[in-house]
């Protein structure tokens with residue numbers, strides 16, 4: 001299967017992760033990875049609660065106060081609130097953890113172990129971008145339209161991810177389309 005645009009983007013992201021891991025080193029990269037995992041856990045765990053609060057504060061309706069009829073069969077308001085809540089919690093947690101990691105990095109200096117620090121940072125950066133790419137590819141499967149579906153079907157990376165992680169795909173579908181409100 002030849003490479004398509006999605007595969008090129010994946011390769012660029014992997015190259016960026018290598019450079020980022022070299023630049024950051026192990027200490028900042030491990031802090032980033034832990035922050036990323038904690039942000040995911042917090043966002044997945046508390047996004048439904050925050051979505052309920054957002055729904056009460058900012059209702060989603062048309063100007064006349066009604067949901068358009070062509071959208072009435074979809075739980076779009078619940079999905080929208082869930083996505084917004086997830087994004088806010090995820091990036092808020094990442095930001096706080098980045099501040100803490102920055103302070104830790106200035107305290108911990110490892111000049112003797114600089115090469116090991118950087119190489120270990122590359123490994124952790126690749127692990128982190130791998131997790132992000134697997135989740136993103138699985139989430140992109142829910143975007144309707146022939147262009148997106150064709151892009152995913154023609155990508156060797158997306159095909160590999162889809163075939164390797166079917167349980168994640170079904171879990172994401174359930175989580176996105178059936179938010180606990």
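Sequential numbering from 1, following the chain as shown.
Yeah, the Cβs are placed from backbone N, Cα and C, and that goes for glycine too.
Unlike curated records, TrEMBL annotations are generated automatically.
Using a Cβ-Cβ cut-off under 8 Å and counting only residues 6 or more beyond its ends in the same chain, the transmembrane segment (27-46) has close neighbours at 20-21, 85-87, 89-91, 93-94, 97-98, 100-102, 104-105, 108, 110, 117, 120-121, 124-125, 127-128, 131-132, 175. Taken from TrEMBL, the feature transmembrane segment covers 27-46 (among others).
If you look up TrEMBL, you'll see 79-100 (among others) marked as transmembrane segment.
Sequence-distant contacts of the transmembrane segment (120-140) (same chain, at least 6 residues past either end, Cβ-Cβ under 8 Å): 10, 13-14, 16-18, 20-30, 32-33, 36, 148, 152, 157-158, 161-162, 165, 168-169, 172, 176. Per TrEMBL, transmembrane segment is recorded for 120-140 (among others).
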